[in-house]
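Presented below is the structure to which this report refers.
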Amino acid sequence: MEPSQRNTETPPFQHPTVPVDSIGRATVFRPFSLSSPHSRAFHLAWLSLFSCFFSTFSIPPLIPVISSDLGLSASTVSAAGIASFAGSIFSRLAMGPLCDLIGPRTSSAILSFLTAPAILSTALVSSPASFVLVRFFVGFSLANFVANQYWMSSMFSGNVVGLANGVSAGWANVGAGLSQLLMPILYTTISGFLPRDVSWRVSFVFPAVFQVITAVLVLLYGQDTPDGNRKKDRTPLDEEHSGFVRILLDGLGDYRAWILALLYGYSFGVELTTDNMIAGYFYERFGVNLEAAGTIAASFAMSNVASRPAGGMVSDLLGKRFGMRGRLCGLWAVQSVAGLLCLLLGRVNSLWGSIAVMWVFSIFVQAASGLIFGVVPFVSTRSLGVVAGMTGSGGTVGAVVTQLLLFSGNDVRKQRSISLMGLMTFVASLSVTLIYFPRWGGIFCGPSSSSSESDDSSQRLLGDEEEDDDKVVISGRLRPVC
């Protein structure tokens, strides 16, 4: 259902190149434009996160070479993969409140500047312990995802926020795939001029420099909100609503944020786990060479360019047509199919059959992540950063748990572990049925008959003055409570 046109007054904030709502957020999404601050924020956000994904996943495709040089065991490699995800858990939790306090632009740039030396220090590792430690600190850069989603939710209105979040994160996630493709090529090229044990170390200069460049661009050309950067000077009322403890407690106290974190743990978390082991899986099980394994792994991650944006778009379309119930039902359906496809991936015994199933699986598991962040902006306005941080951290927690349970040790049967990962994904998807919004309802129940319930989400994504319009955008016609 399209938004009503009840409000015919001219919005107090206008922009000459893009239609906006009353508080300046774009009501259309134009990904191939640079003419508005909304579009510039979009391009800076995805490019900055892209560089962080590239850095984090620049190590896995070179692990066969690094392991040979440093004498790493399979258990050490697995521990390093877990460490990279563990690092991002804490940083993502901190990034949410930080965005609420100082804005996504500054938060994103600070993180990129701080973690660039970590990826550069990969060139200096000399022991298994230092390798694990470096991967831990490199993983911190993935917290840039929270700033990315927060920034898009600050710049785009509710009717297109799912699409904006999906495209921004989807294009950024391609960095994981491109690193799988380019790092072996970069290493091979450098090894033509330098010794083998030096070439892989020099290769990591590129992702570190790339990350610094994107951070500089964010600071120079980005802004936190449509009307400028986050102001440092605040009134007492502003401070009351944006204090760290208040923001944190509001977010942590919302059970829907915890469910979304679980769902994200078995969508994006499964994607992270797959990114981390899929090249080795094809290398070991089917005997393909290092470059071919990297190319196959790259194709898994690079489908993000379309699949995650498709998830966000589907969420917005279902939201307009069926309300919050449509968003939630779509999320359950897509994530359930992703789980079944992952289960099937571990059961296929042919190379090309496995590649085909992996491609379809990548589309559904990445689209599920887009659908989840089509719901996140509606959970809480005041604690948006905390909710986004909790959900994002859920992704890395899921990756850590999955890696520990299924892919740790020296005698792992990866095909069996992949199937179990799919089963866990299917079971986790059932938790979406527990999400309920008093104003908009859930999968089984319509909205509450009283719209006066105390619910932070009722503060409106588009502002209190547009409550009726926003209600139509998100949930369509009010239905009776079940």
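Every residue, even glycine, has its Cβ placed from backbone N, Cα and C.
What TrEMBL says about this one:
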- 41-440: domain 'Major facilitator superfamily (MFS) profile' (DOMAIN)
- 44-66: transmembrane segment (TRANSMEM)
- 72-95: transmembrane segment (TRANSMEM)
- 107-126: transmembrane segment (TRANSMEM)
- 132-151: transmembrane segment (TRANSMEM)
- 163-187: transmembrane segment (TRANSMEM)
- 199-222: transmembrane segment (TRANSMEM)
- 328-346: transmembrane segment (TRANSMEM)
- 352-379: transmembrane segment (TRANSMEM)
- 386-406: transmembrane segment (TRANSMEM)
- 418-437: transmembrane segment (TRANSMEM)
- 448-471: region 'Disordered' (REGION)
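Against the transmembrane segment (386-406), the recorded stretches 44-66, 72-95, 107-126, 132-151, 418-437 differ in Cβ pairs under 8 Å, and the greatest number is found for 72-95. When Cβ-Cβ distances below 8 Å are used as the criterion, the transmembrane segment (163-187) is approached by residues 29, 31, 42, 45-58, 60-62, 65, 145, 148-149, 151-153, 155-156, 199-200, 203, 206-207, 271, 275, 279, 290-291, 294-295, 297-313, 315-316, 366, 369-370, 373-374, 376-377 of the same chain, each at least six residues removed from its ends. Contact between the transmembrane segment (132-151) and the transmembrane segment (72-95) is supported by 3 or more Cβ pairs under 8 Å, counting only residues 6 or more apart in sequence. Below 8 angstroms of C-beta separation, residues 149, 153, 158, 161-162, 165-166, 169-170, 173, 254, 256-257, 260, 263-264, 267-268, 270-271, 274, 278, 282, 286, 296, 299-301, 303-304, 306-316, 319, 324, 327-328, 330-331, 334-335, 337-338, 341-342, 344-345, 387-388, 391, 395, 425, 429, 435, 437, 440, 456-457, 461, 474 of the same chain, each at least six residues beyond the ends of the transmembrane segment (352-379), sit close to that stretch. Non-local neighbours of the transmembrane segment (107-126) in the same chain are 45, 48-49, 51-52, 55-56, 58-59, 66, 70, 91, 95, 98-99, 134, 137-138, 140-141, 143-144, 147-148, 151, 201-202, 204-205, 207-209, 211-212, 214-216, 218-219; each lies 6+ residues outside the stretch with a CB under 8 Å from one of its CB atoms.
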